[in-house]
Amino acid sequence: MAAALLARACGPVRGALWPRDCRRLHTIFQSVELPETYQMLRQTCRDFAEKELVPIAAQVDKEHRFPEAQVKKMGELGLMAMDVPEELSGAGLDYLAYTIAMEEISRGCASTGVIMSVNNFLYLGPILKFGSKEQKQQWITPFTSGDKVGCFALSEPGNGSDAGAAATTAQADHDSWVLSGTKAWITNAWEASAAVVFASTDRSLQNKGISAFLVPMPTAGLTLGKKEDKLGIRASSTANLIFEDCRIPKENLLGEPGMGFKIAMKTLDMGRIGIASKALGISQAALDCAVNYAENRRAFGVPLTKLQGIQFKLADMALALESARLLTWRAAMLKDNKKNPFIKEPAMAKLAASEAATAITHQAIQILGGMGYVTEMPAERHYRDARITEIYEGTSEIQRLVIAGHLLKSYRS
């Protein structure tokens, strides 16, 4: 199926070999060496990124152009539905595999990484976890091949991090739901063929009155806002979804009425691993750029890498990157081990990785000097792409609140 190349890289996707390797990796604090199957997956994704993504990354960023051909090739590799079981045409891999793949794709092109992340866990994730058998067949299988992508519509113009304050409403009307309101900052909006949309079915219950819906795109009563002109990740579209008496079938309710906030929070916990992995890829690309430049640029008669000030910067960049990578891998492995509750760990991974990405890309530009400030080198693009990782799928401030809340709870129990 679509995961043929991944299967060749990794051997059996499910079965004796893969779970045994997972158990080995769960002793990560004894050994951080990836098992061979994961190493092969990593190399497969790295080779793909270097061949298909690195050559087009600057141009699609400049043109704000969706990398359609590359996304389709990723679908053929199984990268657009990594956690989806094979019976639904997915790759059937685990979270650690996804984390590794996401880093390598984002290392090649951060915009493509976020397109992959949204489709995998913000769109397919909640349907896989909360959808009925019929919904999974209709709303998952067509979105595994790269021919279609989905989006996730939670944020609104007025609520930002306050996801429970949804102003968008869904009214039951005979055999339909009628949606009205505006969703903001929706990634993949202009290319999406479907959306997971959150709307209030009972305003008096606040976040307990929020429900989740599956909305086809395009559909009557739904219009797209302008494509936002963003600082970074410019090859992925971002726009508002505007609902004006948008009528969808009653069976498009995802889960039960009032479950929407729970679905959203569970989904964001999963998605934060993806954003952490994306941040790692950006960081690695920036570090690669800085080292390569510093090795070849001479000052005072020696390569920049002979200067202690540059060495210190590179050391700090590598330290931040490796620390964040371990937190991200740990979060992925805990998810694979079905840790419950699974809230603090992805928050820690996202916070560490996103702030590391901002710091590392900043220092990469500093090392390159004037060359870091021009588009001839990729350092400035990495810097622009990194900044959003501290904002979407929960700001750094929200992650700190989550971490502190769970920390204090553990001390008080």
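Every residue, even glycine, has its Cβ placed from backbone N, Cα and C.
Positions annotated as active site, proton acceptor by Swiss-Prot, on the basis of similarity to another entry: E393. As annotated by Swiss-Prot, FAD binding site applies to 152-161, 185-187, R297, Q308, 366-370, 395-397, with the evidence given as similarity to another entry. Annotation source Swiss-Prot lists substrate binding site at S161, D269, M270, G271, R272, G394. Under the heading phosphothreonine, Swiss-Prot lists T27. Swiss-Prot lists K51, K129, K262, K306 with the feature N6-succinyllysine. Residues or ranges marked as N6-acetyllysine in Swiss-Prot: K51, K72, K129, K208, K262, K306.
Less than 8 angstroms from the CB of G158 (FAD binding site) sit A165, A167, each of them six or more residues away in the same chain.
You'll find the Cα of the residue listed as 'active site, proton acceptor' roughly 7 Å from the Cα of G271 (substrate binding site).
Here M270 (substrate binding site) is positioned 11 angstrom away from K129 (N6-succinyllysine), judged by their C-alpha atoms. Just so you know, the Cβ of F152 (FAD binding site) picks up 28 other Cβ atoms within 10 Å once every protein chain is counted. Take the Cα of S396 (FAD binding site) and measure to each of the modified residues K51, K72, K208, K306: the nearest one is K208. DSSP classifies G394 (substrate binding site) as coil under the three-state reduction. The two recorded residues K51 (N6-succinyllysine) and G369 (FAD binding site) have their Cα atoms spaced 28 Å from each other. In sequence order, A163, K183, A184, W185, I186 constitute the residues six or more apart from S155 (FAD binding site) in its chain with CB-CB distances below 8 Å.
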